[in-house]
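Colleague: Can you keep this structure in mind? I'll have questions shortly.
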């Protein structure tokens, strides 16, 4: 059905009624006490991976839901036409209507032989051509066949990009560090703050450094400024501009700007305008990943995501893991009033995973206007944040356990560690904390339990835990290229489903434009003499302080 505001859908109103009569009164420990099979009812296993990579368990049982809750939320998804929008996406329709573009990143990881068409054209031959180019290049660099201008093999790779051209490659190369080539050192430069580039270059030798300049348009201000400074640093040693060709490659679609920079068109890795930045790690933007972990592992990374795509498209909503996770998230944000969502990976290699998911979720669904142009009257775009466990337990978990805010959480851990130190003792301790935290959040601790420990009466309230705090538990067999690909795709489809229900366009990002435009005006003023007076008094004061100093 066609609709503007999700809140006008009959199913939304049914969920609201259910929340008032049932949802807000649910007590998790009572639900578990009444139903010994609750874990089985609300846990789902993703079996789409090879034996060495999977399966992945998703346990939703520690959520403030009943079977009726799920039924009503699924009806909401159906009324909001989640399945129809999903099918339109995979059909190559221009569902990013504000930019008149298809949303076709699943084609980048389509490891099947099936064609995928946009505007009547099968895009797969072009996708495979770029992948072959990535394979040839990464194989040459990793083997030492690709030489720098003095004949030495590459030892350092510097990826220069920002946003999706940085967050994805950073996160994936960190997450898959056990698969990385030890004689290759990776650096990522994103911030326009000169410190970021300077610190990376301190560790590099111009003769053995390869720069990947990652910018779709090759006009992004931060990336182009960093790239020019990197080239200046390189030429200070190499002297001859022709040597740039051996040390700089471009991940871009703008051949004119790329060649003007001095990069050979043969060393340009293309991707299409239907690839959004936050979905671009699967594209040529993932070249740093392929260079570091090897093309075969990069291909496994793609295949894991493809397996989740196939699952999302073929599984009924009632049992569809990403769809259910999204609907439960909507249940908290729009009916319980939760504003944030915690992601706590109990795996040190995944320390950048929450930052990656921040962009995926918040840039996609940080919108207040529906697809039909109306202002929403409900909550969209949860604030997603997190840090790895167990570090996070010693910082912000206090607020989650005893604070005033409801903070739904995802806890993520692999069963197998890449580093089973001390006969796996470290990992057993890690898992014990993982399991205990979800249990503690659910159970809490009553005043009677605190008092029974001999706590003085006046201290009892301070040691009481309300409990009834919801969480999802996600347990992978092991973090491998394929399982990581599947997990990222899972969160992509969670984000998609949320946006579909809220009826917003999850695929543009006009919110990042205004500040960039104003920054150009401010920069021009910083490069002229005299005080500025054409802003508000605060902005004038800040600019003039920078120009004149204290």
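The backbone N, Cα and C atoms fix where each Cβ goes, and this holds for glycine too.
Taken from Swiss-Prot, the feature D-glucose 6-phosphate binding site covers 164, 165, 215, 216, 217, 218, 219, 220, 359, 363, 394, 516, and the record attributes it to similarity to another entry. Here Swiss-Prot flags 363 as active site, proton donor, drawing on similarity to another entry. Marked as active site by Swiss-Prot on the basis of similarity to another entry: 394, 516. Among the features that Swiss-Prot reports, phosphothreonine is placed at 455, with the record citing experimental evidence.
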Colleague: Residues with Cβ closer than 8 Å to the Cβ of residue 219 (D-glucose 6-phosphate binding site), same chain and 6+ apart in sequence?
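Modeller: Set apart from residue 219 (D-glucose 6-phosphate binding site) by at least 6 residues yet with Cβ under 8 Å, we have 254, 257.
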Colleague: Quick one: pull the CA-CA distance for residue 215 (D-glucose 6-phosphate binding site) versus residue 455 (phosphothreonine), whole Å only.
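Modeller: Roughly 60 Å, rounded to the nearest whole number.
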Colleague: Look up residue 455 (phosphothreonine) in the DSSP assignment and report helix, strand or coil.
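Modeller: Where residue 455 (phosphothreonine) sits, the three-state DSSP reduction gives coil.
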Colleague: Relative to the Cβ position of residue 516 (active site), how many further Cβ atoms are located within 10 Å?
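Modeller: Cβ-Cβ neighbours of residue 516 (active site) within 10 Å number 11.
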Colleague: Just to be sure I understand the packing, how many Cβ atoms besides its own are within 10 Å of the Cβ of residue 455 (phosphothreonine)?
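Modeller: A 10 Å sphere around the Cβ of residue 455 (phosphothreonine) contains 16 other Cβ atoms.
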Colleague: Please identify, among the recorded positions 363, 455, 516, the one with the smallest Cα-Cα distance to residue 217 (D-glucose 6-phosphate binding site).
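Modeller: Ranked by Cα distance from residue 217 (D-glucose 6-phosphate binding site), first place goes to 516.
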Colleague: Looking at Cβ-Cβ distances, which residues of the chain lie under 8 angstroms from residue 363 (active site, proton donor) while being 6 or more apart from it?
Modeller: 278, 509, 511, 512
Colleague: Who sits close to residue 164 (D-glucose 6-phosphate binding site): which same-chain residues at least 6 apart have their Cβ under 8 Å from its Cβ?
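Modeller: When sequence neighbours closer than 6 are ignored, residue 164 (D-glucose 6-phosphate binding site) has 276, 277, 278, 279, 280, 281, 285, 359 within Cβ distance under 8 Å.
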Colleague: State which of the following binding-site residues has the fewest other Cβ atoms within 10 Å around its Cβ: 215, 217, 359.
Modeller: 217
Colleague: Could you state the whole-number distance in Å separating the C-alpha atoms of residue 516 (active site) and residue 394 (D-glucose 6-phosphate binding site)?
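Modeller: Per the Cα atoms, residue 516 (active site) and residue 394 (D-glucose 6-phosphate binding site) stand 37 Å apart.
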Colleague: Rounded to a whole number, how many Å is the Cα of the residue listed as 'phosphothreonine' away from the Cα of residue 394 (D-glucose 6-phosphate binding site)?
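Modeller: Residue 394 (D-glucose 6-phosphate binding site) has its Cα 23 Å from the Cα of the residue listed as 'phosphothreonine'.
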Colleague: Non-local Cβ contacts of residue 394 (D-glucose 6-phosphate binding site) (under 8 Å, 6 or more apart, same chain)?
Modeller: none
